[in-house]
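Pasting a structure below so you can have a look.
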Amino acid sequence: MDLTLQLLWTGLALGGIYSMLAMGFTLIYGTTRQFHVAHGGIFTVAGYVGYIVAERLALGLVPALVVAVMAAGLGGLAVYEGVYRPLVRRGATPLVVFIASLGLLYTLDNLCALLFGQDPLVVETDLKVPWSLGSVSVTPLQVVTVAVGLAVFGAAEAILRWTSAGKALRGVADSPEMAQIVGVDVRKAYRLAYVMGSAIAAPAALLIAADAGITPFRGSLLVLLSAVIMIMGGLGSLPGALLAGFSVALAESLSVSVVSAEWSAALVFTVFMVFIVVRPTGFFGDKVTSAKL
């Protein structure tokens, strides 16, 4: 029982990370229909930016978070304006754009490896000092991670539902053509999607840097998991991404009690395959092709 409770809590903390990264990925895909795997590279860069501000400039976690969010948002915008949009204007197919995104992911990851090496770089913080709650060990950093994940979801949902910019994003997600007819600037909506979706991933990157440390290729691994979570949640559904993010993290954490840690990822993907066969639309999807913000 003690081990199960500890694994449940660890899974919840991990779910905060997974859900943030997946929500950003989902927001971008839901609006633009672009399978933006370079999202993993932006995540990695944001983690290193946060590390530089917190450790090398010794400014602390809060300034590091602000700068990392800004860097991620600007990075997402740069990818859209500098890579995706020029390709689409030249008639590139979605597959070509995807390959370009994949190439950009590996370019960013390898550039980070060249600049910072492959050893984990950790943001030091007192938030890692554990508390004992009965038989469960809890760190303040884990509590913050869960809280930030939920707060990011709440803020994103509020923006999408109660602001004119958010309503424009939802309109473009439903039908870019109809949105344009009623006066929505589709290009502006795409820009906002990349900025907002990328910025959402930055807190996750900094929290990972503060916990286990940021490494150059961590984003490549996590963006694949983000795609799995997005599909499980329902394409384009932020509530689905939140629920699936925590579900996948809990499954991964609890699997350690059944198989060794090196096999936990394989078990998670097996569960994913079974889930998709049973419910191909995910938790909140209406159709395979639908995307609802």
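Here the Cβ of each residue, glycine as well, is placed from N, Cα and C on the backbone.
TrEMBL lists these features:
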TRANSMEM  6-28  transmembrane segment
TRANSMEM  35-54  transmembrane segment
TRANSMEM  60-80  transmembrane segment
TRANSMEM  92-116  transmembrane segment
TRANSMEM  136-160  transmembrane segment
TRANSMEM  192-210  transmembrane segment
TRANSMEM  222-251  transmembrane segment
TRANSMEM  263-284  transmembrane segment
Should anything in the same chain at least six residues away from the transmembrane segment (192-210) have a Cβ under 8 Å from its Cβ atoms, list it; otherwise answer none.
16-17, 20-21, 23-28, 30-32, 36, 39, 42-44, 46-48, 50-51, 54, 61, 64-65, 68-77, 79-80, 121-125, 127-128, 141, 144-145, 148-149, 152, 156, 159, 165, 168-169, 172, 218-219
Given a Cβ distance threshold of under 8 angstroms, which distant residues of the chain, six or more beyond its ends, lie next to the transmembrane segment (35-54)?
21, 24-25, 28-29, 60-61, 63-65, 67-69, 71-72, 75-76, 79, 83, 94, 98, 101-102, 104-109, 112, 115-116, 121, 123, 194, 197-198, 201-202, 204-206, 208-210, 214, 216-224, 226-227
With Cβ-Cβ distances below 8 Å as the criterion, list the same-chain residues six or more beyond the ends of the transmembrane segment (136-160) that contact it, or say none.
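Same-chain residues near the transmembrane segment (136-160) but 6 or more away: 2, 5-6, 9-10, 12-13, 15-17, 19-20, 23, 27, 125-130, 166-167, 169-170, 196, 200, 203-204, 207, 210-211, 238-239, 242, 245, 293.
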